[in-house]
Each structure stands twice: as structure tokens, then as C-alpha cells.
Amino acid sequence: MTTIVSVRRNNKVVIAGDGQVSLGNTVMKGNARKVRRLYNNKVLAGFAGGTADAFTLFERFESKLQMHQGHLTKAAVELAKDWRSDRALRKLEALLAVADETASLIITGNGDVVQPENDLIAIGSGGAYAQAAATALLENTELDAREIAEKALNIAGDICVFTNHNHTIEELEIPAELPNLSQA
């Protein structure tokens, strides 16, 4: 599988992921890009799960973003509705972590949309390790979002055999006047 982590702190939100693609117990590729910018570079998205499935979801999610003028939550809910009702989509095995200036969300394979606590998302095979590491770093350091995501991925990569140290990191600056809706 893989590890994707998203951290929101101060005026930044980051989504980062490793590059390993595995088929069973074999590493097939080490430099896959599982984190992307969508909707005119205003939305970050990362996936864990089947690669082909994730690309299908990226395309569907981006079309929902276009349809809803970039409104992240509306697009995520509409994708989740499709995911639940479309027979082909229901068979897709992937998780999406998405974020923009205002919110961070997980879109699950069951068609659920979850807004996490503590401005932190960690999904995939190394997600629990990355979440534990990022939580400790958020609570006990002044590191910025990018540094926390990077360190959390490194720790997950040291522990999880399906996570490597070839990272893709995307970052958005959050304008100071925007409220942090995830703490509302």
C-alpha cells in the first residue's frame, strides 16, 4: 500500500506521501507520485490503495471540484454519494486525503467523508505510525507542517515495509484572514 499524511499548522497545509508501489510482497516501483495538486493548484490530494482505482477517483473528484467551483466539502460529499451508488465505483479500493485552505478531509472506500480532529490525516499501510509520530510532533514541537509531515513519513517508512523514503510533498499557504474551519 503506501502512507499519506496531511498536516495543517499555522498558515500551511501539507499533504505528503511515499512513492512505493507494491504488488503482493514485491516492490514494483519506488517513485510513484501519489500526491497531486488539483483545481488550479488550490486543492491537494493524496491516495492510498490501488493505483488505477485512485486515478479514477482523482478524475472523478476533480470533475466534482469543477462542478462545485472548488468547494472542497461539497465536491467530497458528491463524490462520496457517487461512490456509494455507482456499482463500478463501489469496487474501487482506495482512500483519498484532500485539503484546501479551509478544510482537510478523508474520503473512504465506503463513501464516507471524514473531517479529522487535530488537523491531521494519516492513511494507508503506514498511516497509524505516521499519525502517532505527527501527533507527538504537533503536541511537543514548534515544527512547521512540512517538517512534521516529512518526519512522520520517515518514521512510517522505517517501520512499514510498504512505505519507502521517496517522498512527494505538496504545500498550500493559507491566507492569514481565512478562518481555520477545522477547529470550528
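From the backbone N, Cα and C atoms, a Cβ is placed for every residue, glycine too.
Annotated active site per Swiss-Prot: Thr2, in sequence order, evidence recorded as sequence analysis. Cβ-based neighbour count (10 Å, all protein chains) for Thr2 (active site) stands at 28.
The annotation Na(+) binding site is assigned in Swiss-Prot to Gly157, Cys160, Thr163 on the grounds of sequence analysis. Cβ neighbours within 10 Å of Thr163 (Na(+) binding site), excluding its own Cβ and spanning all shown chains: 30.
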Please list residues from the chain of Cys160 (Na(+) binding site) whose Cβ is under 8 angstroms from its Cβ, counting only those at least six apart in sequence.
Thr3, Ser125, Gly126, Tyr129
With an 8 Å cut-off on Cβ distance to the Gly157, Cys160, Thr163 Cβ center, who else from the chain surrounds the Na(+) site?
Thr3, Asp18, Gln20, Ser125, Gly126, Tyr129, Leu153, Ala156, Asp158, Ile159, Val161, Phe162, Asn164, His165
Just to verify a number: CA distance, Thr2 (active site) to Gly157 (Na(+) binding site), in angstrom, no decimals.
9
